[in-house]
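S.K.: Below are the structure tokens for one structure; questions will follow.
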Amino acid sequence: MPNQHTLLSSNLLPVGSNISTWWNFGSMLLTCLALQTSTGFFLAIHYTANINLAFSSVIHILRDVPNGWIIQNLHAIGASMFFICIYTHIARGLYYGSYLNKEVWLSGTMLLIMLMATSFFGYVLPWGQMSFWAATVITNLLTAIPYLGTILTTWLWGGFSIDNPTLTRFFALHFILPFMIISLSSIHIILLHSEGSNNPLGTNPDTDKIPFHPYHSYKDTLMITAMITSMLIIMSFMPNLFNDPENFSKANPLVTPQHIKPEWYFLFAYGILRSIPNKLGGTLALLMSILILTTAPFTHTSYTRSMTFRPLTQIMFWTLIVTFITITWSATKPVEPPFIFISQTASIIYFSFFIINPLLGWVENKIMMTNN
């Protein structure tokens, strides 16, 4: 391996030769983060964090600021693309057993939580009708905390209802959290490269490594180009594809939308929340829908790291993916039969994956031992 220069040697970082396209989503997420930070900065220049002016300032960006419509739409579509990439990234980690690198997996779970918080605060900023009511519903969940709930909610709101102080602090949080995400992403990448990437076979790649550049860097470039191209196509022809029609109306505390729902990327967690008729139980289920990912490294029982050669576990994995989509779909529907039953059933299946998976690992171990 040539070692003429530090920069050259970092480009020639040895990487397993068989990592597939599913490993490109990390670099795509970094691209999304850079895009969101840059477009967000230019939006913050023109945005006004005031309940009387916020909605008008967004319209001003779209209509009056040169290329403002490009910046605003890229930021909105970029958020959806960010979540598409991160959910695919997590699914790949679950499928190929990447979670066994505990530090990387746990730092990644923290990144997901911070990203969800950041995007929630950002969704409130335009001060549209759905922004206001989604903020009201989600922040109200804090009141489910025994003893401290009401105090925490009042502190977060900056008063006894969602008002100007709430919008101001949400803007401040939405501005500062991306820098924390950048810091944690750096830690995530450093931790990853201290041990090295996993691969589709889940084997030790030390026996067969190739330089990162040009082999994998070109693969990354291709996927990043495809992602940016798809974003530009959506921005040009379907800019409101991921937007809620209710959010084109200014926030009105006196008129409740017929169906309050967050952005699509929160719908799976929101669907789990709605499926439990108890406020505290629903809030705990909402938190557990994310935090249960942290259990994966500690409940792995199979002798094989990846699911590539584990057909029973593959069935469970694809059941999880279908369940995720089902919960997302059912959360867009009203809280009435049969959607309540569908959400509840799908939620049980979602959590059961993390219980059945270790049991299947034991079963597969027994089968392998018997065959040997």
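Note: Cβ is positioned from N, Cα and C throughout, glycine not excepted.
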S.K.: Checking feature assignment: transmembrane segment per Swiss-Prot, candidates 133-153, 280-300. Which range matches?
M.R.: 280-300
S.K.: Are the transmembrane segment (280-300) and the transmembrane segment (105-125) near each other by the rule of at least 3 C-beta pairs under 8 angstroms (pairs 6 or more apart)?
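M.R.: When sequence-distant Cβ pairs are counted, the transmembrane segment (280-300) touches the transmembrane segment (105-125), since at least 3 lie under 8 Å.
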S.K.: When you rank His89, His188, His193 by Cα distance to His75 (heme b b562 binding site), which of the binding-site residues ends up on top as the closest?
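M.R.: Closest candidate to His75 (heme b b562 binding site), judged by Cα separation, is His89.
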S.K.: Near the Cβ of His75 (heme b b562 binding site), how many other Cβ atoms are there if near means within 10 Å?
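M.R.: Result for His75 (heme b b562 binding site): 19 neighbouring Cβ atoms inside 10 Å.
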S.K.: Look up His188 (heme b b566 binding site) in the DSSP assignment and reduce it to helix, strand or coil.
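M.R.: Looking at the DSSP assignment, His188 (heme b b566 binding site) belongs to a helix.
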